[in-house]
Amino acid sequence: MNKIIEVNNVSYHYDKEHALENIHFQVEKGSFTGLIGPNGSGKSTMLKLILGVLKKQQGSIALFGEKQADFKDWVKIGFVSQKSNAFNSAFPATVKEVVASGLTKKKGLFKTLNNQDKEAIDYALKRVEMTDYLHRNIGELSGGQQQRVFIARALVSRPELLILDEPTVGVDVENVKAFYELLAELNRTEEMTLLLVTHDLVAVNTYVNHVISINKRIIFDGSAHEYQHYLADRELEILAEQRRREDACLDCDASPV
């Protein structure tokens, strides 16, 4: 099974406004994919469709080779929202309790933690270097520390796919690089498939190996190396267009009155 996500000709609209038009792409097993685009480009809508929050209106989506409508093994997918720390900054739960909540997909609600669960929590916190904060309240931590805890919550069930929606929102600049290094290590050492929604082109150029750019439709889909060439070509096109406009203006100025 090499294709973790398959999106084929998916369209979605809100009332009469098209949010997505004929979107098609694949996320391969073991890839670190960046999904990018300007505000209002449909990135969040695409994530909601993949995660089943919204129902597609046209096209098909498959997860791990299964039609999304038939997919039941959601424990394979971890999700980190951009608003995790905003929702929990004043919440009195401990780090252990927050991470343990990531086991509900596997165990159900209000289940007592067994030794295997405790080992899973320990594993997840070690991966994000937060074991010393086990009994600290989540509200006491910085934005970067909180987001590491929420990655641990996503990792505790050992997902094969980790989806992150603008995960560095609210993270101080000093911790952003360390955060992306952590994601790259998970991709490299755990062979975990990552789908990262971001505006951070530095992160895209530095860490991901597959880029999908959308603006209500597919703009680019290829390797990170190909994307750098694409950007360079686009910059040359923009400069050429500016030169044509400048030349046209000069011609207008030179015309006799």
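Each residue, glycine too, has its Cβ placed from N, Cα and C.
Noted in Swiss-Prot for the protein shown:
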- 5-241: domain 'ABC transporter' (DOMAIN)
- G37, P38, N39, G40, S41, G42, K43, S44: ATP binding site (BINDING)
**Item:** Packing count at K43 (ATP binding site) (other Cβ atoms within 10 Å of its Cβ)
**Value:** 24
**Cβ neighbour count (within 10 Å, all chains shown) around S44 (ATP binding site)** = 18
**Message:** These are the binding-site residues: P38, G42. Which one scores highest on other Cβ atoms within 10 Å?
**Reply:** G42
**Request:** Take every residue in the domain 'ABC transporter' (5-241), average their pLDDT values, and give the whole-number result.
**Result:** 88
**Prompt:** Quick one, of the binding-site residues N39, S41, which Cβ has the fewest other Cβ within 10 Å?
**Reply:** N39
**Complete:** Ordered by sequence, the long-range same-chain Cβ contacts of G37 (ATP binding site) under 8 Å (at least 6 apart) are K43, S213, I214, N215, I219
**Item:** Cβ-centroid neighbours of ATP site G37, P38, N39, G40, S41, G42, K43, S44, 8 Å, sequence order
**Value:** I214, N215, K216
**Complete:** Here the 10 Å Cβ neighbour count for G40 (ATP binding site) comes out at 12
**Request:** Can you see whether DSSP assigns S41 (ATP binding site) to helix, strand or coil?
**Result:** coil
